[in-house]
Amino acid sequence: MNSTAPLDVGEHPHASFPEGLDLECGVHLAPLDVAYRTYGQLSPRRDNAIVVCHAFTGDQYVAETHPQTGKPGWWARMVGPGRPIDTNRFFVICINVLGGCMGSTGPRSLKPARADGKAERWGTDFPPVTIRDMVRAQYKLVRSLGIERLFAVVGGSMGGMQVLEWAVTYPEMMLAAMPIATAPFHSAQNIAFNEVGRQAIFADPDWFGGRYWEHNVVPARGLAVARMMAHITYLSEEALTSKFGRRVRREPKEAQAPESSLAMFGDVFEVESYLRYQGSAFVRRFDANSYLTITRAMDWFDLSAEHDGHLPAAFAGTPVRFCVVSFSSDWLFPTSSSRYLVRALNQAAANVSFVEIETDKGHDSFLLDEPDFDRTVRGFLCGVADHAGLA
Amino acid sequence: MRLDQRLIADMIEPGTRVLDVGSGDGTLIDHLFRLRGCDARGIEIDMKEVTRSVAHGLPVVHGDADHDLAHYPDDAFDYVVLQRTLQAVERPREVLRQMLRIGRHAIVSFPNFGHWQLRLKLLLGGRMPMTAVWHTQWYETPNIHPCTIRDFIALCAEEGYCVQQWMAVDEDGERAPWRRSIRLANLFGEQALFLLRRKGDC
């Protein structure tokens, strides 16, 4: 991996809120930058806005070529003109999460200038943020765009956690919520996987106590290992088998990872090669401190925490229409956690739809070609528009 | 829409909250929403039908009568509908109790096992009867709890439900003219349709 140079921060379009934000941990974070992208036109009545919440390592470039990686938007197949989330009809807003590294305030941002005028990065001093903090930052941005009520909030995985947090925190501000491949709390297994990723980063000699930028490096190896491990959890056994099986490939000498003990044989399983590629591509676009901050935010996520563990209370009297979607082969956020959520919503007498999409592609299915899923998204949004009397 | 679904729709007051248990392709809830202004939702066990319904914008959850009604709060609905399914659930009595806990009314339709053809076939042939309505072999049928109209009325009496309306219907859903006599309805009605209220409310 030849990606030990520090990330190119670059400038991402954003809104600045000098007044900042009070975080749940008690810290007042100011100023606050919120990077975002929009697609489509806001209607004159300002009633067609959809917030799409990105997943853990996603970002605001949902439906356009990514300025850093040059790859298509992460959900370009779902969001766009004529797509299930149709930008000819809806005004789509996608916002980089608080604590992220694509332009919103996060560990890589500069701290407020000190008395001596010297500015330095937050790094590991960045305050712990929660999913609710992320959503409250998004709320500020949405209001600043002159939008009083959202048509819908949609997102998968950690994006789905934000959707649920939106629905619990601002129920009067949205008509519909679509939490996809997610859960109302992070399970012990989810936390365990996150912890392995964090420990991999800490173990990298280039970590330097979190102040790696001062040494002009990034903990690329640890971050790549974290990504490789996490990537396995996004797939299913069937998907790995059908994609790679036990196929072996001979890697060209220069592409061999020197640290690998297997490299001496010159052969790697295709699945290894794939994961290495995923790891090395990831470290070029993602900041290690953001990785820590965001995984921690997910770990703390538990919607029922404020209600003595009684989840239905979080949704009591909610006017929001929900559509919960899970995928049959997703073992990171399994259907059982979606069903648990649906039963809590039923108990709160919420208006809820629930679909489990049959697929062997695992957690990442929500990003992939699943025609039933596309139909579900399109149909649910049309149904909500119908009910709301939107043309 | 099937004729018996039309009869069910006619039992439902406009603008009410309705849960259709076993909503199938969502025809009834779609009708109730569009033409009667109801807040109509569905539960369906067949995931293909659920996906189809949600893709048509209908609020349907994947679930079934035996396991999912218990999660709704008391009085969540004005009507809870169970179409042609009572005979296929694991615990019909418990399902009825749940329906009348979460709903003020229950609307139940089921195929009548007391129909004369079934009686005659069993009497003469000595084998499990097969008809247009009961058309699956005994070892494959999902209909594990068949009952007659009189059985159902007896259960309602035992549970203290009051029968607000009932009718016998033929297989096409056409209303059969046996309203006066339960015994005749039990002999000639292929399907039965009941509107119930819980005890104390009537």
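Our numbering is plain: 1 for the first residue shown, then up by one each step along the chain.
Even glycines carry a Cβ here, placed using N, Cα and C.
Because TrEMBL annotations are produced automatically, they should be read as predictions rather than curated entries.
Taken from TrEMBL, the feature active site, nucleophile applies to A:Ser157. Residues or ranges marked as active site by TrEMBL: A:Asp330, A:His363. What TrEMBL lists as substrate binding site is A:Arg227, A:Asp364. TrEMBL lists A:48-368 with the feature domain 'AB hydrolase-1'.
Nearest by CA distance to A:His363 (active site), out of the recorded positions A:Ser157, A:Arg227, A:Asp330, is A:Asp330.
Between the CA atoms of A:Asp364 (substrate binding site) and A:Asp330 (active site) there is a gap of 8 Å. Within 10 Å of its Cβ, the residue among the recorded positions A:Asp330, A:Asp364 with the fewest other Cβ atoms is A:Asp364. Each of the recorded positions A:Arg227, A:His363 was scored by how many other Cβ atoms lie within 10 Å of its Cβ, and the smallest score goes to A:Arg227.
Non-local neighbourhood of A:Ser157 (active site, nucleophile): A:Ala55, A:Phe56, A:Ile180, A:Ala181, A:Thr182, A:Leu332, A:Phe333, A:His363, A:Phe366, each in the same chain, at least six residues away, with C-beta under 8 Å from its C-beta. Residue pair A:Asp330 (active site) / A:Arg227 (substrate binding site) shows a Cα separation of 18 Å. A:Ser157 (active site, nucleophile) falls within neither a helix nor a strand when secondary structure is assigned with DSSP, and so counts as coil.
The average per-residue pLDDT of the prediction over the domain 'AB hydrolase-1' (A:48-368) is 94, rounded to a whole number.
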